[in-house]
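Asks: Look at TrEMBL and you will find 59-249, 354-534 tagged as domain 'ABC transmembrane type-1'. Residues or ranges marked as transmembrane segment in TrEMBL: 63-90, 111-137, 228-248, 324-341, 353-378, 390-409, 415-437, 458-483, 514-534.
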Amino acid sequence: MTGSPLAMPMRIMHRWKQRMNGSEIAILFFAAAMALVWSRTWRPVIPLSAFPAVPGFSFWENLTITFLDMLMVLLAVAVCSLFLMGLARLSKTFRAFLVPALSVGRATPGLGLIGLLTGLLPPLVAIILVAASGMVWRVVTAALDAEETVPADLERVAHSLHLTEWQRFWRLQMPLSLPMIVHRSASAMSGVWFRLLCAQAIVELMTHHDHGGAGTLALLGMMQHQPLWLFEAIGITFLLIVMVDQCLTRPLLGWSQRYRLDGPPTGHARNGSWILKIWRHSSFLSRASLLMRSTIGGVGNWRIGRICTPDVSHLQSERRSPPAILPVLAIMSFVAALWWGRILNVLLYDVLIGLLTLSHVCGALILSVVLWVPVGLLMGNASSALRRRVRTLSVLCALFPAVLLYPVFRIFGGLPPAVLLFLGTHWLVGVAVLDAAQGVPPELRQVVQGLRLQGPLLWRRVLLPLMAPNLCGGLLIAAMPLWNTVMIAEAFAHSGSGLGEQLLSDTLRQVVSAQIPALTLLVLLSMLLDRLVLQPLAVHAAQKYTLT
């Protein structure tokens, strides 16, 4: 890849195609069948009051509530991720189940779970879990991917020192995983903001109770035709995005570079942070860092578990297919649960509108290519300073949840679903393309200047081949947030419907038996698009055009 390898999925860097696994099919349909059986005993949430007409909190109170919600989301991500990573290291059986389960989890639109969780858990807990869902899967996947890159020399050193499984996890696996974990977490922040705001609004629609936050304020502004409230929600979100990005995300990105195997980057590639510089030059904060490091080091020295041994059998077991009868039984159990619940007749309709939703997602990806390929070609000839500024602006724009702009577009007649989806996720494709334009080797640039290549010849022979791996990888990364956005985008579209709008309608009407088939079909369509189209395309581009 010409861009940062941390931005590309590990399976693309390893040049092997991850085909649809029978374990994933079995997990998806068994989970859906059990949820359908459970839905017979589910009781809807009954609103205890009328829908609020005015916000129950002031501007600063809503800002504080949203900030605290985000902190709880990040804390939930850290706790759940550490628990899953540690358990996967200690138990090979759990790891064999976790790998396909993560594939299903990454393909599941987290926002589609809000209707199920609200009936089981307190509203605040449901909001936190929905917002954290996507990032948890990405963090755990990054840790498992990074484990495959541990050098054999370090494995032998860990074995010679008789490290236990706990010590190996804390002193070897976690430090080597940190750069990739932090990078994947930073790229997932835009999805966290989107799910948090949407979950706040949907829970208020279901419970008729103002829990506070920017999402509820935006919903009240839209429903009560108060643009000022909507702009206040946009201002709250913008302030918090900048604060979290500058005070948390960027310092973590800079700090995690020290754990790269190839050493921290130098020059413009180094990720600087003014918060990190202040921290390093402050004697008090430096002493606090030493105390924190000694505490974590002491925890990592606990001798828990058996002595670790160099073993790669878990890598082979991850790709071992289950018995062929298992996916068949899972599908049969799903169909039986639909028949038992007397909702088998809605499956055909869900499939038809699911194909319409698939066309909306594909249209958004095509629009992203149409926009960013010309921009990438222009940036290939631009100065390095201009490329850095455009990329920084694109990263900041990618963090802002475009869902807050959907009500504004609806005032002027609305936009098609594909365009609304494009507005929210095309920045991820743009960042990948700009990474490709910025990552052209200096030697190649000198050759281009020496041969005086310009215009279409330069684009066709040099820039487009160099851009292809990052462009296809960017489409692969941007596809997952699209499936999260589709519920809201189709609801705000001026015409046409789809499976996302149907799922949102069933969620608000609290028809759980209809939500489960729609959500299952969305997950299946997401996995099919990833495995049959986007992933083979990205692998082919990586194999053919990557500079090695």
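Yeah, the Cβs are placed from backbone N, Cα and C, and that goes for glycine too.
Tell me about the setting of these features in this model.
Replies: Long-range contacts of the transmembrane segment (63-90) within the same chain: residues 57, 98, 124, 127-129, 131-132, 135-136, 139-140, 143-144, 165-166, 168-169, 173, 181, 185, 192-193, 196, 200, 211-215, 236-237, 239-240, 243-244, 248, 305, each at least 6 residues beyond the stretch ends and with a Cβ under 8 Å from a Cβ of the stretch.
Through the fold, the transmembrane segment (228-248) approaches residues 55, 59, 62-63, 66-67, 70, 74, 189, 193, 197, 214-215, 217-218, 220-222, 273-275, 396, 399-401, 404, 407-408 of its own chain, all at least 6 residues removed from its boundaries and within a Cβ separation under 8 Å.
The list of residues near the transmembrane segment (324-341) in space but at least 6 beyond its ends in sequence, with Cβ under 8 angstroms from a Cβ of it, reads 22-23, 25-30, 32-34, 36-37, 39-40, 347, 513, 517, 520.
Here the transmembrane segment (353-378) has long-range neighbours at 416-419, 421-422, 425-426, 429-430, 433-434, 436-437, 459, 463-464, 467, 471, 474-475, 478-479, 482-483, 486, 489-490, 496-500, 502, 518, 521-522, 525, 529, meaning same-chain residues at least 6 beyond its ends whose C-beta is under 8 angstroms from one of its own.
Sequence-distant contacts of the transmembrane segment (415-437), counting only residues of its own chain at least 6 positions beyond either end whose CB sits under 8 Å from a CB of the stretch, comprise 1-4, 7, 187, 190, 194, 359-361, 363-365, 367-369, 371-373, 375-376, 379-380, 382, 387, 390-391, 394-395, 397-398, 401-403, 405-406, 409, 463, 466-467, 469-471, 473-475, 477-478, 481-482, 485-486, 489-490, 492-496, 498.
Long-range neighbours of the transmembrane segment (458-483) within the same chain, counting only residues 6 or more positions beyond its ends whose Cβ lies under 8 Å from a Cβ of the stretch, are 1-3, 7-9, 12, 106-107, 109, 134, 187, 190-191, 194, 361, 364-365, 368-369, 372-373, 376-377, 380-381, 421, 424-426, 428-433, 435-437, 439-440, 444, 448, 522, 525-526, 529-530, 534-535, 537-538, 540-542, 544-547.
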Asks: Six or more residues beyond either end and a Cβ under 8 Å away: which residues meet both conditions relative to the transmembrane segment (111-137)?
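Replies: Residues 35, 42-45, 69-70, 72-74, 76-77, 80-81, 84, 102, 105, 185, 188-189, 191-192, 195-196, 198-200, 202-203, 206-207, 209, 211, 480, 484, 487-488, 503, 506-508, 510, 512, 515-516, 518-519, 522.
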Asks: Which residues of the chain, 6 or more past the ends of the transmembrane segment (390-409), have a CB below 8 A from one of its CBs?
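Replies: Beyond its ends, the transmembrane segment (390-409) has Cβ neighbours at 189-190, 193-194, 197-198, 214, 218, 221-222, 230, 233-234, 237-238, 241, 245, 379, 382, 415, 420, 423-424, 427-428, 430-431, 434-435, 438, 485, 488-489, 492.
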Asks: Give residue numbers and ranges for long-range contacts of the transmembrane segment (514-534): same chain, 6 or more residues beyond its ends, CB-CB under 8 A.
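Replies: For the transmembrane segment (514-534), the nonlocal Cβ contacts are 18-20, 24, 28-29, 32, 35-36, 39, 103-104, 107-109, 112-113, 115-116, 334, 338, 343, 346-347, 350-351, 354, 357-358, 361-362, 472, 475-476, 479-480, 483, 486, 499-500, 502-503, 506-507.
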